[in-house]
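Engineer: This is the feature table in TrEMBL:
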{"type": "BINDING", "residues": "3, 5, 60, 77", "note": "Zn(2+) 1 binding site"}
{"type": "BINDING", "residues": "7, 8, 77, 115", "note": "Zn(2+) 2 binding site"}
{"type": "DOMAIN", "residues": "1-115", "note": "domain 'Metallo-beta-lactamase'"}
């Protein structure tokens, strides 16, 4: 488990009742949600022949974690394709730093996020940068996939670096757009501005 929200932990206790020998990994904030082994930043796991490293990604919740086994990143509600999780407990500073951790991974990393929010996120991105070619191209691709009831996930980190505004807060086009409404000098402030805009979108 990546965090304690009900849509991520619901059913775990029932699964453990049916399969009492299973091991359930999760952060400290999930201790009362059915987890059998608490894991945190810097821990390593070996599951079904795959080695995972765990790193802390606060923002959506304070105890949120990600699981990374190259090339797969299971990032819960930290990063979505084209977006980021709501700041229910953490701060924009924390979420920005969590994004920077993810952005430090190889570009071929496959982002396995927990929700199919891509189309809504791309509509938001278009509202901010309507003339951006990468965003337009990806929006149309995603729109076609969803119209056919097909998934958009997982996606590569390389793709997200092109179309995810929360990874582009230092891009000149986005800075110019933001500065038409307000004068924000710092990356975290621009990140927070974007998240606030998305909250109201």
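Just so you know, glycine gets a Cβ as well, placed from its N, Cα and C.
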Engineer: Using all protein chains in view, find how many other C-beta atoms are within 10 Å of the C-beta of residue 115 (Zn(2+) 2 binding site).
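Structural biologist: I count 16 other Cβ atoms within 10 Å of it.
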Engineer: Write out, in the order they occur in the sequence, the residues of the chain not among 7, 8, 77, 115 that have a C-beta within 8 Å of the mean position of the C-beta atoms of the recorded Zn(2+) 2 site.
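Structural biologist: Residues close to the Zn(2+) 2 site, other than 7, 8, 77, 115: 2, 3, 5, 76, 114.
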Engineer: Give me the Cα-Cα distance between residue 5 (Zn(2+) 1 binding site) and residue 115 (Zn(2+) 2 binding site), rounded to a whole Å.
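Structural biologist: Spelling it out, the Cα of residue 5 (Zn(2+) 1 binding site) and the Cα of residue 115 (Zn(2+) 2 binding site) are 13 Å apart.
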Engineer: I need the CA-to-CA distance for residue 60 (Zn(2+) 1 binding site) versus residue 8 (Zn(2+) 2 binding site), whole Å please.
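Structural biologist: That separation, Cα to Cα, works out to 13 Å.
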Engineer: State the count of C-beta atoms found within 10 angstroms of the C-beta of residue 7 (Zn(2+) 2 binding site), not counting that atom itself.
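Structural biologist: By my count, 8.
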Engineer: Give me the non-local Cβ neighbours of residue 3 (Zn(2+) 1 binding site): same chain, 6+ apart in sequence, Cβ-Cβ under 8 Å, ordered along the sequence.
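Structural biologist: For residue 3 (Zn(2+) 1 binding site), the qualifying residues are 27, 29, 30, 60, 61, 63, 64, 65, 76, 77.
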Engineer: Name the secondary structure element type, per DSSP in three states, that contains residue 7 (Zn(2+) 2 binding site).
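Structural biologist: DSSP assigns residue 7 (Zn(2+) 2 binding site) to helix.
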Engineer: Relative to the Cβ of residue 8 (Zn(2+) 2 binding site), which residues of the same chain, six or more apart in sequence, are found under 8 Å away?
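Structural biologist: Counting only residues 6 or more apart in sequence, the Cβ neighbours of residue 8 (Zn(2+) 2 binding site) under 8 Å are 1, 2, 76, 77, 114.
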Engineer: Inside 8 A of the center formed by the CB atoms of 3, 5, 60, 77, which other residues of the chain have their CB, for the recorded Zn(2+) 1 site?
Structural biologist: 2, 4, 8, 61, 64, 76, 78, 85, 88, 114
Engineer: Could you tell me the mean pLDDT the prediction assigns to the domain 'Metallo-beta-lactamase' (1-115)?
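Structural biologist: That stretch averages a pLDDT of 97.
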Engineer: State which of the following binding-site residues has the fewest other Cβ atoms within 10 Å around its Cβ: 5, 60.
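Structural biologist: Result for the binding-site residues 5, 60: minimum number of other Cβ atoms within 10 Å at 5.
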Engineer: Around residue 77 (Zn(2+) 1 binding site), how many other C-beta atoms are within 10 angstroms of its C-beta?
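Structural biologist: 23, counting other Cβ atoms within 10 Å of residue 77 (Zn(2+) 1 binding site).
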Engineer: Per DSSP, what is the helix/strand/coil residue tally across the domain 'Metallo-beta-lactamase' (1-115)?
Structural biologist: 26 helix, 33 strand, 56 coil
